[in-house]
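Pulled these features from TrEMBL for this protein:
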type     : residues : note
REGION   : 9-36     : region 'Disordered'
TRANSMEM : 58-79    : transmembrane segment
TRANSMEM : 168-189  : transmembrane segment
TRANSMEM : 195-221  : transmembrane segment
TRANSMEM : 233-254  : transmembrane segment
TRANSMEM : 260-280  : transmembrane segment
TRANSMEM : 325-350  : transmembrane segment
TRANSMEM : 362-384  : transmembrane segment
TRANSMEM : 391-410  : transmembrane segment
TRANSMEM : 416-435  : transmembrane segment
TRANSMEM : 442-460  : transmembrane segment
TRANSMEM : 480-505  : transmembrane segment
Amino acid sequence: MVTHQYRLASSVIDDDNNRTKQPRRTVNDGQTNTNTVFLSGKKKTGKVSGPVSSTPRWWLVVPCLILITLASAPDLLILNDFIVRRYERQYGLDVSDRSQRTTCHQSSTSTPDYWYLHEYSSAGTDYNIVQQNAAKFNVKNSFATLIPSLFAIVLLGSNCDTIGRRPLLFLPFTGKVVRYSLMLIIIAHDLPDGWLMVAHACEALFGSFGIVMLSALAYITDCTHESKRTRPFLIAEVVTLVARVVPVLAVGLWLQHFLYTIPTSVCLGLSVIGMLYVLFIQPESVQNMRNKSLILQITSIRLQPIIHCIQVFLTKRPGHNQQHLLLISITNILLLLMLFGYMSMFSLFAYGRPFCMNALDVGLLATTHAISACLFTLIISLLGKQQLDKSYSLPIIGLLALVGDLLLFGLAKSNWLLYMGAFIGSFFFITMPILRSKLSRLVEPHEYAIVFIAAAFIEAGGDKAMEAVSNAIYNASLHFLPGLVFLVLALLGLFPLLIMSYLAFSEKKTIPIISTINNIKV
């Protein structure tokens with residue numbers, strides 16, 4: 001319970017000619033309860049105790065982002081290593097020293113030219129079977145999780161403003177606990193691939209990292225003013241990038257000599273801690289849900305808000321705001337589709353010929369990407385608000401950096417080009433926070449979460465669809481140009497580039513939204 005000190009103002013005469021004292025109260029900017037309390041009697045001062053409604057601190061959601069990132073970051077690396085090793089063992093191509101990737105190296109030529117332009121050795125042809133089967137598994141796994149992912153994001157996301165932010169932070173941790181528990185059973189009993197798909201589908205039913213990120217963004221938007229919102233978005237992006245470094249490096253080093261039980265158990269423990277944090281510590285930022293239990297919030301899920309997610313893009317808005325809302329949302333989706341396709345192929349491509357990276361090498365490559373992105377984002381965050389938000393220059397530069405990364409991956413024939421591509425592409429991570437900040441200024445305050453979640457509908461399906469398409473392209477082009485998938489993704493970048501160029505030209509015609517409360521520009 002919070003106790004506040006009051007001081008008396010001038011005397012006021014009531015209807016019964018009795019003198020009463022009217023206290024005046026000083027509150028900080030974060031408090032929203034401005035009711036005046038009257039004290040009677042002759043005391044000059046008095047204390048009033050009671051709960052005061054205030055806006056939660058935006059950074060209280062950061063531990064959720066850290067925990068979900070720590071648990072999720074090594075997922076692709078563990079799964080890719082598990083699947084590749086399984087198929088190597090199935091086709092008799094595994095070796096005792098897991099760190100050398102001897103069979104893969106022996107199947108690649110030492111010529112400085114592209115290895116896939118030369119005639120295959122029998123070992124090379126055999127090893128391609130491993131990569132092809134791994135790609136086929138990824139396609140099947142993507143389709144197995146597509147429907148559950150869409151169901152979760154549509155149902156949970158559309159209810160974000162209705163049921164609050166905490167359920168969308170809690171349920172994905174629950175899905176992680178289910179998945180890692182099943183994974184431990186699969187690893188212990190060497191169950192077939194179908195069980196892996198079941199484990200991933202169960203996780204998808206509860207939502208995933210994406211829905212935690214979107215709920216966290218909505219939470220930050222609830223707790224910050226427009227003029228101070230871009231920097232928290234950038235900090236959230238930096239936190240997730242930094243949190244990826246340690247688990248990816250640690251798992252990569254571990255898999256050099258050991259198996260999957262310990263890292264999977266650690267991920268399970270982190271997921272349990274995340275559940276407990278949301279359950280007992282994480283505050284609710286939606287005002288009318290703050291006094292309700294988490295179970296009551298979850299049982300408040302309805303189907304009606306789904307329609308509102310579509311209507312928010314059809315609502316007439318002043319100036320060119322409606323058009324810009326649609327175009328920024330489309331740009332956001334296209335950029336994420338490029339990123340999803342890139343990340344889905346990152347490990348498998350590096351494991352294949354001619355790179356033949358092991359788990360630690362892939363971990364170092366991912367770390368280069370994360371650390372570079374963190375440094376770039378920190379430097380950019382030091383710029384003033386005007387430099388961050390006044391134009392589309394930085395988002396366009398970030399997009400060009402991602403395209404450069406994809407081109408280098410697509411044409412690379414040596415490992416150092418992959419590292420250079422990862423370094424250049426890391427500048428892309430300044431793009432998304434700036435676009436999200438611009439997006440939030442085009443809608444009413446009560447529409448913040450709906451806009452983020454509505455875009456996530458397509459992102460959730462697009463994530464799985466792009467993973468399936470990317471792996472299918474890789475499988476089809478493995479014999480003549482394995483990097484073709486990255487070149488296709490780079491070509492996709494042409495569309496968001498054109499859209500952002502148009503937005504940069506016409507942004508001056510947008511009209512800022514004025515909140516009905518205190519005429520605050522948002």
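Counting starts with 1 at the first residue shown.
Placed from the backbone N, Cα and C atoms, the Cβ positions cover glycine too.
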Do the transmembrane segment (58-79) and the transmembrane segment (233-254) share at least 3 Cβ pairs closer than 8 Å, excluding pairs fewer than 6 residues apart in sequence?
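Result for the transmembrane segment (58-79) with the transmembrane segment (233-254) is yes.
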Check the transmembrane segment (233-254) against each of 195-221, 260-280, 362-384, 416-435 and return whichever range has the most CB pairs under 8 Å.
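If we count Cβ pairs closer than 8 Å to the transmembrane segment (233-254), 362-384 scores highest.
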For the transmembrane segment (195-221), name the stretch out of 168-189, 260-280, 362-384, 416-435 with the most CB-CB pairs under 8 Å.
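Most Cβ pairs under 8 Å with the transmembrane segment (195-221) come from 168-189.
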Give residue numbers and ranges for long-range contacts of the transmembrane segment (168-189): same chain, 6 or more residues beyond its ends, CB-CB under 8 A.
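Residues 61, 64, 67-68, 71-72, 82, 152, 156-157, 160, 195-196, 198-200, 202-209, 211-212, 214-216, 219, 259-261, 264-265, 267-268, 271-272, 274-275, 278-279, 282, 294, 298.
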Any residues 6+ beyond the ends of the transmembrane segment (416-435) with a Cβ under 8 Å from its own?
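230, 233-234, 236-237, 241, 328, 331-332, 335-336, 339, 342, 350, 355, 365-366, 368-373, 376-377, 380, 388-389, 394-395, 397-399, 401-402, 404-409.
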What residues elsewhere in the chain lie close to the transmembrane segment (260-280), defined as a C-beta under 8 angstroms and at least 6 residues from its ends?
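Same-chain residues near the transmembrane segment (260-280) but 6 or more away: 63-64, 67-68, 70-71, 74-75, 78, 81-82, 166, 169-170, 173-174, 176-177, 180-181, 183-184, 187-188, 250-251, 254, 294.
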